[in-house]
């Protein structure tokens, strides 16, 4: 029997050898890798490990055992119609065995409970006795206190009697003084009343005089107005029509009415009480009284004008709602919009600017309403302290693909990040912070491929310093130029790291000359940019790069509020299958704590967990620290601002408002009914569409791939992304792809079981990718297959007409000599005269010595009959060609 060594034991239990040797040492057993291990030593190690983890022998053994038994049998039961049927009978038994030591412990527990009850009873009796003694003591103290109070009361009554006598004497003296003061006050009051009466009479006389003057003025004005009214009535035109004959007839009727004597008006009789029957009074055929028609003319003449009012307009508004606010019909609003060059429907959403122009055009005053008042109130309710402290710099590593960005950061972190990425290229932003001898630095590693322009731009917005990595043997490349542009647009200082100086053919001076063309001037040339020569593979001068970064950060004097509610930016986000939405947030100010309520763009939630870039759980994160947070309601967009708020309810309201605002603005931009887009929409039906459903692992990759695919669209083939998102491919995605006839693309994600079943049933095209180059190339190939094929004409034969014969059946027959290629019977032809095409058609007959031939080769004579053409002459050339289909590809 072979001996069991320490190394073999470590492999069996799945533990590193170093850790197993340490455990043996802790147990008091000294071993090496090749030493054998006996059964006793293994038992000793096991007992030591159990003690170390807090599990004793007794606690490890089970105290209760439950056995379950299941028995199945078939019972035949007589049914209707004399037939019997089998019934499955299942009997389940359950039996529990309890360890004897456990029963003894339970008995001890019961006995301890009884003893505890007796003890509590004795304690209660003793407490009652003590309470009686204390009660008697309190009664004695109260009795003594009452006697002392009685003595004090007698003494106080005597003092009050003496004081009362003294007060009555003083009161009599005060009464005499008050009587004298009252007499003087009465005299003063009488004088004041006399003066007030005199003033009132003077004011009344003045009012009477003013009223008389006003009455005289009104009487004169009223007489003048009456005279004007009389003159106006004489010259007024009361005719209701413009017709001359109608006016004359109306004047004659008026004169006739004026000549008739006026009758006295009779008093109106009370209305008769209605009776049952057909009529109120009289017979069955009594006609109802019909009132005389009255004139349709108004009693006054006033032009109707629309009331001008203030119109409050939000960021988006429906056409019908705008019409209601202006108190006009929606058709009037649509007419005004059509005059202004925009075509709209009654239920269409228009933006604030368009609505304001329409309202002003119709003469109303516009009030632009701010709909984000709640959002501003929530974001402004913060308790950040006014004190600021220094913070670590946020550094973004940029450069062309394969120039060594991740390798540089890899050497700094002493980790191999590049190996984890597919193809050795960075697919999404990585955020890390490292501790150096001179302080902490936070790094953002951005991809260098052209498809990740948007991600690189986001990195530049959230950074303080940009480190541009340029390979010394490759020089300035397209993505290097883009990185320079992003850094300049963000106003961020740039440090150039010239990498791969250890390779043959490295030319750092050439890199400086190329970068100088883009205003990146080294300090030794009198510029402002620091150049550091490094080798990420060998680790050459990496410390010099860190010193340059820290020196630049000292010049910038970076500060931030450390205490208070945190705010930051979402660097990356994804949907994790086990943890839900996960967002990488770079804290920019304040301190983010576990349990805080965070508002991220259109999403919100409470931070359930926080992890650093190494996957360790942390409880708080200060400025310039990147963390992964869990607990959001959905996947936020990369670049959204993350802010800690006080109230979760208000955060939900703000998130819902932002979602509705995003939806309304999106609808307002989709003006498909505009007049200028009408013909473009009609022509859009002729363009072939390549529908795509895209799913990726992180939000940044979704945006980058979608942007690259849209750029592949041409005038003939258009890439239409019908659906995109973060996370695995679900059954919903597969159903959407089947309904829209789309292909499914998964980038670093896989389809679940239900989705695979739907894909197989619908025979969908599903493709997985881990490198973006392959995805873009294959989609480009698929789009090339959708292009309309190109047809080319290739000449396969040429015949010279030597003689022309007449045939009663065919007509003109050309006797020809084949000079080039082969003449085939079923191919189209052209007739050329003086190298000019005069006819294009097909052959009717091809003969040689009266025999029909399928083809005639070069150097032979033949007779050719041209279908529907008889004007063949000697010297003409007959050209035979075929149409070849050429498959097109996207450039």
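Glycine is treated like the rest: Cβ placed from N, Cα and C.
Residues annotated as GTP binding site in Swiss-Prot, with sequence analysis given as evidence: 399-406, 445-449, 499-502. According to DSSP, residue 501 (GTP binding site) is assigned to coil rather than to any helix or strand. All protein chains considered, the CB of residue 501 (GTP binding site) has 18 other CB atoms within 10 Å.
What Swiss-Prot lists as domain 'tr-type G' is 390-559.
Residues annotated as region 'Disordered' in Swiss-Prot: 50-303.
Feature annotation from Swiss-Prot assigns region 'G3' to 445-448.
Taken from Swiss-Prot, the feature region 'G4' covers 499-502. Cβ atoms under 8 Å from those of the region 'G4' (499-502) belong to residues 403-404, 407-408, 469-474, 508, 533-538, 540 of the same chain, restricted to positions at least 6 beyond its ends.
In this model, the region 'G3' (445-448) carries an average pLDDT of 60. Around the Cβ of residue 402 (GTP binding site), a 10 Å sphere holds 15 further Cβ atoms from the protein chains shown. Of all the Cβ atoms in the protein chains shown, 27 others lie within 10 Å of the Cβ of residue 399 (GTP binding site).
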